Amino acid sequence: MGLITLSHLIITLQVVINTVHGAPSDIQLDAKAQSTHRLDSLNLLSYTLLLILTVLTIWLFKHRRLSFVHETGLAVIYGLIVGAIIRYSGATSQVINMQVFVDETKYNSSLPPDTLSLYMPKPNPSRNLTFQYVFRNEIDDVKENEIDLKATFDPEIFFNIILPPIIFHAGYSLKRKYFFRNLGAILTYAIIGTTVSSFIVGILMYGCVQLMPIRLATSFTFLDTLYFGALISSTDPLTIIAIFNDLNVDVNLYALVFGESVLNDAVAIVLSGSIQHYGKRYQLGTGGFEIKAFFQAVGDFCGIFMLSLLIGAAMGCITALMTKYTRVRDFPLLESALFVLMSYSTFLIAEASDLTGVVSVLFCGICQAHYTYNNLSEDSRIRTKQIFELLNFLAENFIFSYIGVSMFTFPKHHFETWFIIAGFICAAIGRAANVYPLSFLLNLGRHPKIPLNFQHMLFFAGLRGAMSFALAIRNTRSEARQAMLTTTSLIVIITVIIQGGASMNLLKWLKIPVGSDEETEALSQNGGHSGNSTPRSDCNEPFGAPQRPTQNEKALLARVWGSLDSKYMKPLLTHSRPTLLETLPVCCTPLARFLTTTEQLTQDGSNSKRRDSDSDLCIEENDLSINSRINTRVSVYNRVISYCVNGAIRIN
């Protein structure tokens, strides 16, 4: 009996030993997971410390009133330092690499598999272990430091996480009154100018590449250089705009610089996508220029841009309706959460529809600021303004820090000296072709004119930034795309540090007025300029006392849209006056009454003017005569009384 019990015990111990045979490997895997977690934390800590250092240095510069370098330049410089430290110092943690040789002909270097399944032998012969790896990118050196890999982010993080709040904030904080007042010039610079600049840069770069060594010349196609022209034509004057805000530069110059940069980001990303579609979807493979494919790509550009714009505007209007006709404002936290989620979903809807989320979220931000903002509670107004301002600040500085870090840690840089030099020169020529010829054409019919010193500032404000870098890093498979990334990164770094640091001195050298209040305009009727902000005494002097712009000074598109907006859109989407009862025809009175809230009918007209001084689009309240307002108010009261009386008679 004792022998039987002992034999059972031995068998049980053998089973347990065989079962836990993998314990050492489990311990190793736990250690590997812990090491990976530690490296991830160290990576995030590095960027967090970079942002902390940037914030503290910004405070020091503002406290000491130093202006030779701006916050974005500081973020880039700190990023370069940290990237060099990561690359050249510290203990080396080798990446475990296994060489796998493929003998199936359906896989090749141009079409790698999305996942890789490795069948590893196990001590237990009954089955094998299977590991699956996800494709990341092509590598040149298998002996990489693991911290280098962790310091490199997936490019999709920029498009799906970091860029949306930056672009939305650009639309949400837009000075809409001055944006729409200069709408014609902004659209000209952003759409026509960016397109012209892209093609000029692309053509010049293709010519320069053909003069370079044969190895480089054969690496680039004409579509590659056009793509480079599109991505490098996107400007990011974050530094310039921050300085404009600090110095209170003329609001029209601010609107031209900011509006053009906001829209040309959207144009650049749609244009780059259309160039890619030209080669992938439409071209027949001849390698030459094809008229049909070209016009299909142009139609692709227009269609994607307009559909993306409509999605953004529609989501903004839907949010405005939700906040107007519900009482979600009674719960400010829920109201703010709904606002943020609806805005972010706009980007995702456009991307999921194979459109451009940047365009959608930009125009969603404009619509949210113009309509939804007026329906929000006071807490939500403050909260949404501050949260997007904070997200924009952190995201922008994170990107510029990462640009500096990636110069040392990103494995796909390819330095081609001649291509880099040509990139700097062609980018400057493309920017000049955007600003000066179009300004000359605009001044032929524009009132007031855009003076030459403002044109010089527009040219100088063409810094390259987040959008150019994000487009360049999205695809680095080929040697040509790697050279584009390196050139773009260097252009961003140099322009941000040098141009951003010299912008304040340039304002003084160009005698551009600073210290202007919001209503002071420096754009004169005759295009003159002065070096101070002294108010003018008559209409012939360059600039002067605050005046309400005359109807002729407003862009034609702005006047048309302003009339439609003030009569129909604002009464429908906000609680503003006049109501739809005043503006819609008499036959639409039942519908107008249904869409008019009690708050619109009962609010005091004298207090209906919104506190946001920038909320008026173009047609201001005092553009209407006093008699006109009195007549319309009497008319609406008569229509309401008539509607109610007739309804009571029908009920009886």
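Yeah, the Cβs are placed from backbone N, Cα and C, and that goes for glycine too.
Quantities reported herein were computed from a predicted structural model and do not represent experimental measurements.
Given the ranges 41-61, 335-355, the record in TrEMBL names 41-61 as transmembrane segment.
For the ranges 150-168, 226-244, the feature annotated in TrEMBL as transmembrane segment maps to 226-244. For the transmembrane segment (186-206), the most Cβ-contacting stretch among 226-244, 356-373, 393-411, 417-442 is 417-442 (pairs under 8 Å). Nonlocal intrachain contacts for the transmembrane segment (226-244), taken as residues 6+ away from its ends with a CB within less than 8 angstroms of a stretch CB, comprise 67, 70-73, 194, 197-203, 205-206, 253-254, 257-258, 260-261, 264-265, 268-269, 271-272, 275-276, 396, 423, 426-427, 430-431, 434, 460-468, 471-472, 484, 487-488, 491, 496, 499-500, 503-504, 507. Residues 67-70, 72-73, 76-77, 80, 228, 231-232, 239-240, 243, 247, 249, 400, 403-404, 406-407, 410, 412-416, 419-420, 423-424, 427, 456-457, 460-465, 468-469, 471-473, 476, 514 of the same chain lie 6+ residues outside the transmembrane segment (485-507) yet bring a C-beta within less than 8 angstroms of a C-beta in it. Sequence-distant neighbours of the transmembrane segment (73-90) (same chain, 6+ residues past either end, Cβ-Cβ under 8 Å): 46, 50-51, 53-54, 57-58, 61, 147-148, 151, 239, 397-398, 400-409, 492-493, 496-497, 500-501.
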